[in-house]
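Trainee: Shown below is the structure under consideration.
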Amino acid sequence: MTKPLIALGLEGSANKLGVGIIRHPPHPISSFKPRPPAEILSNIRHTYNAPPGEGFLPKDTAQHHRQHVASLVQQSLAEANLTSSDIDVICYTKGPGMGAPLQSVAIAARTLSLMWNKPMVGVNHCIGHIEMGREITGATNPVVLYVSGGNTQVIAYSNQRYRIFGETLDIAVGNCLDRFARTLCIPNDPAPGYNIEQLAKKGNILLDLPYAVKGMDCSFSGILAKCDEYAAQMAKGTLTDPNTGEKITPEDLCFTLQETVFSMLVEITERAMAHVGSNQVLIVGGVGCNERVQEMMGSMAGERGGSVYATDERFCIDNGIMIAHAGLLAYSIGQTTDLVDCTCTQRFRTDDVWIGWRND
Amino acid sequence: MTDSKPPTTTTHTLPTPFTHTSPPPILLTQGAEALVYKTHFLDLSSPAILKFRPSKAYRHPTLDARLTKQRVLAEARVLVKLAGVTDAAELRVPGVLGLEWDVGRKVKGAGGEGVVRVKRGEDLQGKKTEDREVQGRVVAAGAWILMEFIEGRSVKELLRGVDEWAKRLGERISQEEREKVEGDVKALLRAIGRTVAAMHFKGGVVHGDLTSSNIMVRPRKHEQVNGHGHVEGSDTKPPDLSGEIVLIDFGLATQSIQDEDRAVDLYVLERAFGSTHPKQEDWFDAEVLQHSEGYRGTFKGANVVLKRLEEVRLRGRKRSMIG
């Protein structure tokens, strides 16, 4: 039997600071049976939100993370009813993400490692999302749509790598939504994308937006530019529906933007599914919380005789537990990151990570 | 519609006039964009492919109608253009036999009712509806192209077949046999390079969705007659890779002559290869692109496109800037 393992995970690649503690129960070493499910002992998060009309800046975000990480770790241990000696390994987000926030969290992780004398594992943020999604939903080999403020990728597993089949050629879809929220001065609390979603539910006029799907890739900066143009016209009062002459509202613009970009995401996911021969879809990342994208994906998957797997906001939105989980998977096959290598990087491709813990 | 039953959403329903085809078309695959059926054109001796693009329930009807019509017309125009290129022997595409860009549109004397996709009871905005009208426009019902049936297998199937054969037989394959198969795979890759070059430089077309699923290998005429089709699943033989390359699925194709677009076309193929055929990934650049019998050696201007491809590769996001 293997030993039970407990990991502490620290995540702060964007404006969400997450701390999580996970336990992998013992299991027979060379069993072909699936591992018993991981136990989540603690999963807490503190989000930094800029005022409406602004985005979060690296230096302010890093300051927020530095302010809160110590108390969040203490809170996490208390919630899990553990002490530092119970932790086997400290996992942190090596990248990708924003430089200053990543650095702050990496420093915290290194400090804990030295204080408590524990090994460390640096984790790829995208891999964290994927592995946590698989763990929570039980999806065995889905096509993964990873959509957040910082990333938009369609991924499928093959030969020890999560290979990127399609991605955005410029900005992430979440970034497009967040920046449009800024244009409309929508509050950033709890998340700009969430607020756009609520407004979109009340919109019903679909305007023309450039639909930019190129094979399995897509691009959003043109759409954002056009949307910003519409918003400017709307502010002047000159924007009306070409068919009915009705005035266009912010709700209509949010509706238009969501319907267009989500159609694009569903399309590239469907392409990957057709190419790979899969009918399972797993949606991870902050934008995955959006009910409309889940609904659209469900409709597409249903027509193909498949299904959609999605998690709730505890795991969709950046969190520490996914880092702890992915780090522990690596640790369990003997991987650690030496202190001198516990750096962080803004550029870290999902397919650069060797997935040694899967044997399919 | 004379009976009073409310319309229901359907999947896999054929568009008119194929509802009356006998024998009925057989569904081959459900791709991302379209349902591909095998049927016949006029009589049974001419096999044909029906590519039916149903409307997608997840998309807003306005967006859906616009995209479907645009794509089916663009695809047909590109196919007709490429079929008309007479001075490129290696450039082969399916011929277009028939087309409808909006099954729901009213055509005098042709019925025009078609297959209608309606969300039963409610449209996307929650407004109750029992009929075909949403926002004052008829709900899109899909589009179709009827085209020539291409015998043979896709490059994806063939390479997968080679991988499986190698895995299945392992040590039992002689060095000689291994080298022959490797040689055949490389020759296939070079032929792909030449065909893509012909499409770019003679056809003036950029495919837009080059993957190994969209490149077919058709056995040559004499082999078809002899019945030496492509043998797969035979225990000791690898799949037969010989034949002529035929490109299919031009649903995202554009008529472009820009180096940038051609380079992106190659990039899409390169990435698709890397994700689906990791074992042959290393040979891709050398055989398909750089070889004198591949993309590079075929036409003047290919080297400019390949240089541009180097820039396109660096555009992958979050790519480490080292090396």
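Using N, Cα and C of the backbone, Cβ positions are placed for all residues, glycine too.
Feature annotation from TrEMBL assigns domain 'Gcp-like' to A:39-324. The divalent metal cation binding site feature in TrEMBL is assigned to A:His125, A:His129, A:Tyr146, A:Asp318. Annotated substrate binding site per TrEMBL: A:Tyr146, A:Val147, A:Ser148, A:Gly149, A:Gly150, A:Asp178, A:Gly193, A:Glu197, A:Asn290, in sequence order.
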Trainee: Among all protein chains shown, how many Cβ atoms are found within 10 Å of the Cβ of A:Ser148 (substrate binding site), not counting that one?
Mentor: 26
Trainee: Quick one: of A:His125, A:Asn290, A:Asp318, which of the binding-site residues has the smallest count of other CB atoms within 10 A?
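Mentor: Counting other Cβ atoms within 10 Å of each of the binding-site residues A:His125, A:Asn290, A:Asp318, the minimum falls on A:Asn290.
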Trainee: Would you kindly give the Cα-Cα distance separating A:Asn290 (substrate binding site) and A:Tyr146 (divalent metal cation binding site), rounded to the nearest Å?
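Mentor: A:Tyr146 (divalent metal cation binding site) to A:Asn290 (substrate binding site), Cα-Cα distance: 13 Å.
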Trainee: Find the shortest Cα-Cα separation between A:Gly193 (substrate binding site) and the binding-site residues A:His125, A:His129, A:Asp318, and name the residue that gives it.
Mentor: A:Asp318
Trainee: Within the domain 'Gcp-like' (A:39-324), what mean pLDDT does the predicted structure show?
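Mentor: Averaged over the domain 'Gcp-like' (A:39-324), per-residue pLDDT gives 94.
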Trainee: Distance check, please: Cα of A:His125 (divalent metal cation binding site) against Cα of A:Ser148 (substrate binding site), rounded to an integer number of angstrom.
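Mentor: It is 11 Å, counting Cα to Cα.
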Trainee: Where A:Gly150 (substrate binding site) and A:Asp318 (divalent metal cation binding site) are concerned, what is their Cα separation in Å, rounded?
Mentor: 11
Trainee: How big is the gap, in Å, between the Cα of A:Ser148 (substrate binding site) and that of A:Asp318 (divalent metal cation binding site), rounded to a whole number?
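Mentor: Distance between the two Cα atoms comes out at 9 Å.
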Trainee: Let me know the DSSP-derived helix, strand or coil state of A:Tyr146 (divalent metal cation binding site), please.
Mentor: strand
Trainee: Run through the Cβ atoms and count how many others sit within 10 Å of the one on A:Gly150 (substrate binding site).
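Mentor: Result for A:Gly150 (substrate binding site): 23 other Cβ atoms within 10 Å.
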Trainee: Taking the Cβ of A:His129 (divalent metal cation binding site) as reference, which residues of that chain separated by at least 6 in sequence fall under 8 Å from it?
Mentor: A:Tyr146, A:Ser148, A:Val284, A:Gly285, A:Met322
Trainee: Can you count the other CB atoms that lie within 10 A of the CB of A:Gly193 (substrate binding site)?
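Mentor: Result for A:Gly193 (substrate binding site): 26 neighbouring Cβ atoms inside 10 Å.
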Trainee: What Cα-Cα separation, expressed in whole Å, is found between A:Asp318 (divalent metal cation binding site) and A:Asn290 (substrate binding site)?
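Mentor: About 14 Å separates the two Cα atoms.
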